[in-house]
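*Asks:* Annotated [2Fe-2S] cluster binding site per TrEMBL: A:Cys88, A:Cys93, A:Cys129, A:Cys133, in sequence order.
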Amino acid sequence: MSETIAFKPESLAQVHKIIARYPEGRQKSALIPVLHLAQKEFDGWLAVPVMDYVAELLSITPIEVYEVATFYTMFNMKPVGKYVLEVCRTGPCMLKGSDNILDHIRKKLNIKDGGTSEDGLFTLKPAECLGACGYAPMMQLGKFFHENLTIEKVDEILDLCRQGAIALD
Amino acid sequence: MGKKLLLKNAHIEGIRYFETYRKHGGYEAAEKALKMKPEEILEEVKTSGLRGRGGAGFPTGMKWSFLAKPEGVPRHLVVNADESEPGTFKDRYLMEFLPHLLIEGMLISSYTLGSNTSYIYIRGEYSWIPDILEEAIEEAKAAGFLGKNILGTGYDLEIYVQRGGGAYICGEETALLESLEGRRGNPRLKPPFPAVKGLWERPTVVNNVESIAAVVPIIEIGGAEYAKIGVGRSTGTKLISACGNINKPGVYEIDMTITVEEFIYSDEYCGGIPNGKKLKACIPGGSSVPIVPANLLLKTINGEPRYMNYESLADGGFATGTMMGSGGFIVLDEDQCVVNHTMTLARFYNHESCGQCTPCREGTGWMYKILKKIEKGEGKMEDIDLLWDIQRKIEGNTICPLGDAAAWPVAAAIRHFRDEFEWHVNNPELSQTQNYGIANYADPIPAVSNS
Ligand SMILES: Cc1cc2nc3c(=O)[nH]c(=O)nc-3n(C[C@H](O)[C@H](O)[C@H](O)COP(=O)(O)O)c2cc1C
Ligand code: SF4
Ligand code: FES
């Protein structure tokens, strides 16, 4: 199963570095960091063969990987667009207009919550408090936060995405 | 100007880097501490009266003194940087701008506790911050403040940063440990407490980022001096992350002797409410603590001014008071809808429940559904009582305090803003286009404003 799936050598080295942070026999502790690496390297989501590969790398059973991957919201269990727009909608962001931001994105990209746009570029993932409440409304895009959003700023970000001119990592 | 201990150098350009941090007195507390005996440092921390800054306010020195020390078993310090409580973003600020303050605090604390490998568990979404922390760790190592035989003392320390996967529950300390061990974030039954059986069944202390950072000034000025700052059992300084309808959202360090009114309205802090709007309500300590209307926020039920400290905020208990919590200060102006705000919090807790306990798993779902119904103008009067009933059945009946944390905001919203819930029920259409306005008891303006 895992013949075709393999980390790039740099990532594999990273995996070994992570495992070395823990005592002998506690390599399972590396699971969440390694899943982050895997999601990044294998198209932004965790397909079953990818999770099986991670299990093999860490010498744990596949089910141990599945139960963790499905528990944490950052792991995508189905394919996503190139740009995953994670827009916070919890209280403090709501007070500053996150509902309008979400509505605008839904309409503009013609997508539902959790859905991906027809061109496969964007996935909209409403999020719960991301720790940027003072800089609301906000969204996470890849590694970074985009804060103090306005409709205009969102449009700008979407344009930059389309041009492939936005930093994700 | 209030006394600043943690953020006193935050404005200095380049303070993120070792060289600048060191030039401004950085790592001098660590040098001092490494010449002391661990017991002496523990005494200083106890004397300081420092209370855990993660939300519960448990005395840090006392927590440290519970750490078991069985022969031959390694011990660990784990820093809780999961920071996911709505309204809270202070630890992020410390880590982004003053990473060395955290590393220095970890060095002193790890030495005191006898940990040779310490971890920072950071919420996964703060995905650019591990780079900052790891860079700081490398710098400290290169300067001899981490690694083997630190400053020739024979003491070794490695610090690692671990990202979570996006789950509020992993801020609860036993869920955090489960997650750090590579499992789902299901809180453990206590006892055993982490101090006896924590990470990999080894004795472990879990502390908040701000608590550990505060150890640096405690050693710098001494526990007794630290204890003189603040008032009563609210010693030292506290970081408050302020958000919502205020002119100057951000992270502020306060010395816990200022009034809530000063904090909201003075230019040194929140700078008042935008557009001359009136204050309606506030959740002063993160989403889990009770919301209070303006009048009870600014004054206690006895008409005394309310202060920004643990005791004063809690004055009156849950009937008329609230809590300091994590210091996530959320302000609602007169145009905000308490029903809608409470609904978003209920959705949050429902989303974040780990699902182990029936009252929490089911109760949070019910509360969210009912609140959504009321918010959309589809609620009935009985629904308000049902909500009250459900939150009471969750409180105290769960493995971890997330259940309580989900129940309290709903209880407080109904306790203080019942009128507004009833108005939604009685005005199903109007409530979709208009807000109830300011609560009666917050200000003597009419219950239904036409703004
Ligand atoms: C649901 C839940 C979430 C929590 N989230 C956090 C958190 O994000 N950060 C934190 O420091 N403590 C959090 N806590 C409190 C921790 O369990 C623990 O008390 C704290 O990390 C201890 O550190 P302190 O004594 O320095 O405050 C949370 C508790 C619960 C019940
Ligand atoms: S109270 Fe909720 S979050 Fe805590 S253990 Fe029970 S189900 Fe999980
Ligand atoms: S509520 Fe949106 S970042 Fe906290």
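Glycine too: its Cβ is placed from the backbone N, Cα and C atoms.
A TrEMBL annotation is a machine prediction, not a hand-curated record.
Owing to the predicted nature of the structure, the values given are computational and were not obtained by experimental measurement.
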*Asks:* Out of the binding-site residues A:Cys88, A:Cys129, A:Cys133, which are near chain B, with a C-beta less than 8 A away from one of its C-betas?
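*Replies:* The answer, in sequence order, is A:Cys129, A:Cys133.
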*Asks:* So, three-state DSSP: helix, strand or coil for A:Cys88 ([2Fe-2S] cluster binding site)?
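*Replies:* Note: A:Cys88 ([2Fe-2S] cluster binding site) is in a strand by DSSP.
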*Asks:* What are the sequence-distant neighbours of A:Cys88 ([2Fe-2S] cluster binding site), meaning same chain, six or more residues apart, C-beta distance under 8 angstroms?
*Replies:* A:Ser98, A:Pro126, A:Ala127, A:Glu128, A:Cys129, A:Leu130, A:Ala132, A:Ala136, A:Pro137, A:Met138, A:Met139, A:Gln140
*Asks:* So, in DSSP terms, is A:Cys129 ([2Fe-2S] cluster binding site) helix, strand, or coil?
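*Replies:* In the DSSP reduction, A:Cys129 ([2Fe-2S] cluster binding site) maps to coil.
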*Asks:* Under a criterion of Cβ-Cβ distance under 8 Å and sequence separation of at least 6, what residues of the same chain contact A:Cys133 ([2Fe-2S] cluster binding site)?
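*Replies:* A:Cys133 ([2Fe-2S] cluster binding site) has long-range Cβ partners A:Thr90, A:Pro92, A:Cys93.
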